[in-house]
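Here the structure comes first, spelled out in structure tokens, and everything after it is commentary.
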Amino acid sequence: MEIVILAVVIAVVALGAISGLVVSSRKKKQLPPAPPSSPSVTAPPAEPHVGEEAEPPSAEPRRTVEEVELPAAEAPAAEAAPEAPAAPAEPEAPAAPAVEVPEPTAGRLVRLRTRLSRSQNSLGKGLLTLLSREHLDEDTWEEIEDTLLTADVGVAPTQELVERLRERVKVLGTRTPEELRTLLREELLTLIGTDADRTVHTEPGVGVNGEEKPGVVMVVGVNGTGKTTTTGKLARVLVADGKSVVLGAADTFRAAAADQLQTWGERVGARTVRGPEGGDPASIAFDAVKEGIAENADVVLIDTAGRLHTKTGLMDELGKVKRVVEKHGSVDEVLLVLDATTGQNGLVQARVFGEVVNITGIVLTKLDGTAKGGIVVAVQRELGVPVKLVGLGEGADDLAPFEPEAFVDALIGD
Ligand SMILES: Nc1nc2c(ncn2[C@@H]2O[C@H](COP(=O)(O)OP(=O)(O)OP(=O)(O)O)[C@@H](O)[C@H]2O)c(=O)[nH]1
């Protein structure tokens, strides 16, 4: 019996040992799956790869910024142009509107009058309303003063005008609206001045070598005031008047400026002389006049780069551009372009530009976008030169000769 029990125990122990082995071997088999998951654990080591990869791209963009840019898109078109016969037709397509016929310049200010009076309403109408009050007490005169100052007329001209109005209103006694309108019209005209020569001088002259030289106009001013646009619009005006025009793209700061000018020129058949981007503006201006002389053109318009009047180096450069152009002969007109919306700051600009180049006329742009038409008075006083042209919109023919009467009529309405 004992033997049987012993045999059973041995058998049980033996079975236990065998099953233990099986379990442990299963466990060992389960482990291997762990290693497959271990690569994901080793993923972090991939981070260095990411880091490694990150470096080249960080270097690449520096190259691609220069290399890819727009030329990548433009180059094929440019390359295709000489090969494909259809392609050359495309560059000619924009040249087709070169036959554009600009609007006649006469009466432009009258045509643009609604735009002008819309923006200037508060000045003219405001003054008339105040002057029509039954009792013109001190408060009312102060309000009149404020209206003028708000419209950028300037302190001294405002005081002069108010003094004159006070005197004349006193003499008038009863004031009919019509009398007031006439009175205000006269006084505003006196303030603006009707005697100044507002012609943009573009007559041909005699060059240093005795040859006939085109009229030369330089367009100067602070950034974004509308120089290129004005140069383009002026080219249209001149072409409309039957003159041949050469454009000089001496704005080598702003990459798109030369293209912009060339487009304006192409639309009316005026050639643009341009140089490399960032090139010497004086030499481009010089070449433009040289071309103008060679081509027997009537007028050369030189668009210069926008420059802050506070940067001495840039202002010196402007002086140099003018001096270099004068090696051919006189510069007949230096137009300072002022943005009417910048108000009093325009006066500071006018003063500094006037010190560097002899300003002969002012172009007041964006008059359609401000009620501060009084700047016309202030800037003429500041510089002692007349406003010759006004910009009244972004349209190609939205540049008008400045006519004091039409301007004042627009201010005070009918
Ligand atoms: N509303 C309005 N916009 C104008 C007038 N004149 C110019 N502009 C706009 O003013 C912006 C600047 O004009 P640009 O001719 O490029 O100015 P710019 O002085 O040549 O600029 P920079 O070369 O950068 O100094 C453009 O969007 C023009 O369309 C105007 O009389 N009225």
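Quick reminder: no glycine exception, Cβ is built from N, Cα and C everywhere.
Those TrEMBL annotations? Automatic predictions, nothing curated.
It should be emphasised that the depicted structure is a prediction, and the values quoted were computed from it without experimental measurement.
Residues or ranges marked as region 'Disordered' by TrEMBL: 25-102. According to TrEMBL, the feature compositional bias 'Low complexity' maps to 70-102. Taken from TrEMBL, the feature GTP binding site applies to 221-228, 303-307, 365-368. According to TrEMBL, the domain 'SRP54-type proteins GTP-binding' annotation covers 386-399.
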Let me know the DSSP-derived helix, strand or coil state of Lys227 (GTP binding site), please.
helix
Filtered by Cβ distance under 6 Å to ligand 1, the binding-site residues Gly224, Lys227, Thr304, Arg307 reduce to Gly224, Lys227
Is it possible to list how many residues within the domain 'SRP54-type proteins GTP-binding' (386-399) are helical, extended or coil according to DSSP?
0 helix, 6 strand, 8 coil
Whose Cβ, among the binding-site residues Lys227, Arg307, has more other Cβ atoms within 10 Å than any of the rest?
Lys227
In this predicted model, the domain 'SRP54-type proteins GTP-binding' (386-399) has a mean pLDDT of 93
Position of peak Cβ density within 10 Å, selected from the binding-site residues Gly221, Gly224
Gly221
Identify, in sequence order, the residues in the chain of Thr304 (GTP binding site) that are 6 or more apart from it along the sequence and have a CB within less than 8 Å of its CB; answer 'none' if there are none.
Met218, Val219, Val220, Lys227, Ala250, Asp251, Pro281, Ala285, Leu318, Val321
